[in-house]
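Taken from Swiss-Prot, the feature ATP binding site applies to GLY12, PRO13, SER14, GLY15, ALA16, GLY17, LYS18, GLY19, THR20, supported by sequence analysis.
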Amino acid sequence: MSSHTPVVTVDGPSGAGKGTLCMLLAKKLGFQLLDSGAIYRVLALAALHHGVDLESEDALVPLATHLDVQFIAEGDLVKVILEGEDVSRELRKEETGMAASKVAALPRVREALLRRQRAFASGIGLVADGRDMGTVVFPAAEAKIFLDASAEERARRRFKQLQLKGLDVKFDALLSEIQERDDRDRNRAVAPLRPAEDALVLDSTTLTIDEVVEQALQYIESKLV
């Protein structure tokens with residue numbers, strides 16, 4: 001990581017609002033954006049496009065090393081551009097998710113993608129969205145944020161999103177799913193979900209997105225002086 005490129009990391013559990021916060025911060029700061037949660041799906045999609053064996057580390061490592069991907073904040077969405085093509089919709093397909101699970105299980109591929117993620121830290125600055133950005137990927141980042149919210153609030157937000165899409169979902173089932181995922185993420189052996197020691201912990205449970213952005217920007221500006 002170049003010492004001339006400021007890095008802002010935003011970690012936290014699923015549903016805390018990391019994606020929205022990172023998109024807005026990248027726009028306001030004029031920084032590049034890294035959505036680490038999508039990176040394995042992007043690699044899997046590149047492998048599918050190029051006919052690369054999803055279980056061959058020898059074939060996947062060079063692809064991961066030179067992965068041509070950009071994350072662009074546009075409107076209310078983050079567009080994912082792979083080799084010049086908008087693949088945002090393709091990334092959400094079940095086939096892509098299944099392929100991502102295969103490539104994520106390969107240690108050398110994970111190492112190559114770690115290096116590729118670190119290479120995003122170039123130019124005017126970077127906002128990195130993930131779960132271990134401040135602890136593993138960018139431990140020397142200038143500004144680290146851990147965005148949290150209660151499991152109940154995260155379930156409520158997700159419930160509202162799904163209802164707006166016309167989907168019939170049960171709140172209790174969503175809450176249970178989020179609590180189980182939290183437990184897995186916080187207790188896994190490799191890179192457990194936790195705030196970096198020098199991170200600002202922001203609890204968004206009772207805050208609006210504007211309030212979260214305002215607090216985050218004040219903190220970032222104090223760190224990037």
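Quick reminder: no glycine exception, Cβ is built from N, Cα and C everywhere.
Residues GLY12, PRO13, SER14, GLY15, ALA16, GLY17, LYS18, GLY19, THR20 make up the record's ATP site, and a Cβ search at 8 Å around their centroid adds LEU21, LEU147, ALA149, ARG154 from the same chain. Around the Cβ of LYS18 (ATP binding site), the same chain contributes VAL10, ASP11, GLY12, ASP129, GLY130, LEU147, each under 8 angstroms and 6 or more positions distant in sequence.
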